[in-house]
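What follows is a set of notes on a single structure, which appears directly below.
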Amino acid sequence: MSFFGLDCTRKKEGEVERKIRANDREYNLSFKYATNSIKTSKYNPFTFLPLNLFEQFQRIANAYFLFLLILQVCKIQVCCEPPNNRLDRFTGTLTFDSQKYSLDNERVLLRGCTLRNTDWCFGLVLFAGPETKLMQNCGKSTFKRTSIDRLMNVLVLFIFGLLALMCIILAVGNGIWENHAGSKFKAFLPREENTVFSAFLTFWSYIIILNTVVPISLYVSMEVIRLGNSYYINWDRTMYHAGSDTPAEARTTTLNEELGQIKYIFSDKTGTLTQNIMTFNKCSINGKSFGQDQSHMHQKFIIFIMDFSFNRLADPKFLFYDHSLVEGVKLELPDVHAFFRLLALCHTVMAEEKREGDLVYQAQSPDEGALVTAARNFGFVFRSRSPETVTIEEMGIQRTYELLAILDFNNVRKRMSVIVRNPEGKLSLYCKGADTIIYERLHPSCSEFAGEGLRTLVLAYKDLDEEYFSEWKQRHHESSVALEDREEKLEKLYEEIEKDMMLIGATAVEDKLQDGVTQTLEQLAKAEIKIWVLTGDKQETAENIGYSCNLLREEMNEVFAFALESNMELEFLRTACICKTVICCRVTPLQKAQVVELVKKYKKAVTLAIGDGANDVSMIKAAHIGVGISGQEGMQAVLSSDFSFAQFRFLQRLLLVHGRWSYLRMCKFLRYFFYKNFTFTFVHFWYAFFCGFSAQTVYDEGYITLYNLVYTALPVLGMSLFDQDVNAGWSLEYPQLYVPGQLSQYFSKRAFMMCALHSWYSSLVLFFVPYAATYDTARDNGKDGTDYQSFALITETCLTVTVCVQLGLDLSYWTVVNHLFVWGSLGMFFILTFTMYTDGLYRLRPSSFAFIGTARNCLNQPNVWLTVALTAILCVLPVVVYRFLSSQISPTINEKVRYKVCQMKEPAPRPRRTRLTRRSTRRSGYAFSHAHGYGDLMTSGRFLRRNALTCSTGLIPTGRSPGFKPTGRSAGYSPVGREQNPKQKVEPTSLQMFRAVKDSFF
């Protein structure tokens, strides 16, 4: 028998011999031989679960893990906030064994997170599918179409209406003609007695004849032009980044001309405007400033390379330019050691040491990484951390500090603190934060840092009483697990303990912009492009970058709006549009997309979004044009973008050169294409009044076939692929050339109507001038010269020459290819005309080549060539006159620049890099962008300070340093109206005063 798929029967006795009969199934089945079916599956639907479990529990470890799961997870309960799109906060409580534990953003794993320093963990799925943070922030994928495509849809509908109107007019004319004159032509054509039916047939006949107003070659040519302009972007060597071996890439071929109409640019900050690389430049310790200005040093050709050979764990890439700070560390100055000890302890950095001495820091913000790396090089090396401890190496001696609490940063507190117990058992609080929060007035050295565009961070500390901290810790735990008013309760506790701190010093960290960012932003601003920076970082970080790249200046008034709710979006948009610079801080990926959609909806402007990370994907998808930067944050932005490159500076060439050229070429193509096809078609309309509305074509059938395919195809493609009003250098030199594209001046409904009127006029000239020139005339041999075939050939010749002359007037940049296409098309017209009108082809297909001998009999007449010249001149004369008068009376920016370029007779200038100076007063520079730790903290920013106290060993206080003196009205200020030191009539220091700070901006 079989049990669980296992054969438990006795083994079949061995065969001695086998007997088989052909075509005798019953006989063969009697021996119970095996059938032809083969079973390779291990399980069947009934045995899968028991057999699989049996095999899995062959591993004793799996049984052990299942046992633990039953014991632990079943007793865990989580109560948390409902699904939302907030990435920077999370509130929840975990209950286990009657104990409550706080759940915050640090306990939530989002997509892309990596667990470190642990071999295993327990996890619980809170949100799945569409409720995850990622999906809550995902924007909708929409099919992107250019504004020209949308305009073309409207124009095509208009053209269809115009076509129907012309056919109705001609059909009515046919009905009238049949009633009045149709009976006179019975000898030549059979007459339809029902004039209404005749008019009906005529209507559809003219629909076929006049369909060339919108030929299919229009859309084919547009796609060829877009493809060619896309290749220009891919082939542009000036947009190639050698450092990362990354060329520019047009990931779509349908949006090129839209690049020439951008009005709003929405840019990410980190990794897009900046390199995401921070450098520790300067610091102030106990009133003494360390560090030198690298730019001045390079100007003097003096470079001081610091020697960190005394530290075996120093980072070889770290550079500092003041040897006195290294000497202070070697001399074991207490203030200097306290300064770097704080930097080594007060952070959220993770350390990886793959081999001895090879430390790699993983920081949530590059600012923190720069500060911890600085402490590492000066002898205070952060080695590792656990949830309860932080291990550092102080001047070669390893010390482990007990980590008791982290009071993490948020955009209201503008500071972070840690509470630690050193190996000797002493409790201390270390704090670093924005200068405007730590003390009201900066020391002159800190003001100097901020004036140079550096990020200023102030360091302070205080010693804690053991009994007080134990009581505070208990209250902190109770507040952290509260589901109601958790944030307010924690704010009060943080404010309570972060006061009466002692000042240690200040740091200055530089966030390096990418090369050419400032110049690119200036060029785009001259092109009337508005640039909005949308970043998830805190306000201080965004402000500093704004000042660094000259988006912000000190004379600007600051306006901060928190208005992405639907009831305030219009107010937000109105406020933002009157600002010179817009920087949106602490926005989620979904909010970035909402800002873009808001501008698209109400401003009706073409938008571009540029970013480098996964948090920019929604914004990139929402904008008309999405640009991805292949940086250090992966390829998600690039994969979702329409265009990509490696550096932000390439954006100016993408827009001011490729975008403007693509738009200009496409507009020229459309204007010329509509002109040549409307002119070609309208001649049929006028001819109908002279042929009895019989749907007779004015041209030869072969000419109708070859007009768009051969005679006029290549010249317009050559213009659309190679034309340029000015070259790339002058396009960058004069960004104002970009403005007409934003205003849709090159192609619009008005431009289309002007083109249609010009075609209407040209068609009149092309029909009636040859008609008048050949009416009642004779050739040189005395024969009649007014036959239909001769008239058709003359009209064809006039039309071909005219459209080629018009294209020559539209061309701004003649190349060898353009000459070849234009003259080659004219030559091809005459070659094919003489070929098709020969005797040989007529004998082969008499019905298709009926114009036998017409070319040689007609084109040898001088009056024919005079007619051709006169027709071409009359057709282009209005264009020449209009352009001349407009250039003299009201010249466009293009005409002004081209005239200036012609007058200069110099090669195009190279893009120049201007060195920009920025005047700056003191501003905060706490640039840490990591997430909230224990929830949103206090909103008041209140800070209490007291006089310097004498402390025991372990951490040497700085005391009242003469280097930190208050200036201006800050001296002696007290919010309660009392003197700070009534016994001594001297100005108190910044450490002796306390002040309640209420920042109305937050």
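Along the chain as shown, residues are numbered 1 onward.
The backbone N, Cα and C atoms fix where each Cβ goes, glycine too.
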Range among 61-83, 820-842 that TrEMBL annotates as transmembrane segment: 820-842
Of 154-177, 702-722, 751-773, 820-842, 863-885, whichever stretch has the most CB pairs under 8 A to the transmembrane segment (669-690): 751-773
When counting Cβ pairs under 8 Å to the transmembrane segment (702-722), the leader among 751-773, 820-842, 863-885: 820-842
Long-range Cβ neighbours of the transmembrane segment (751-773) (under 8 Å; 6 or more residues past either end): 155, 667, 671, 674-675, 678-679, 681-683, 685-687, 690, 698, 745, 791, 794-795, 798-799, 802, 863, 866-867, 870-871, 874-875, 878-879
Cβ neighbour count (within 10 Å, all chains shown) around Asp268 (Mg(2+) binding site): 28
Binding-site residues (Asp612, Asp616), the one with most neighbouring Cβ atoms at 10 Å: Asp616
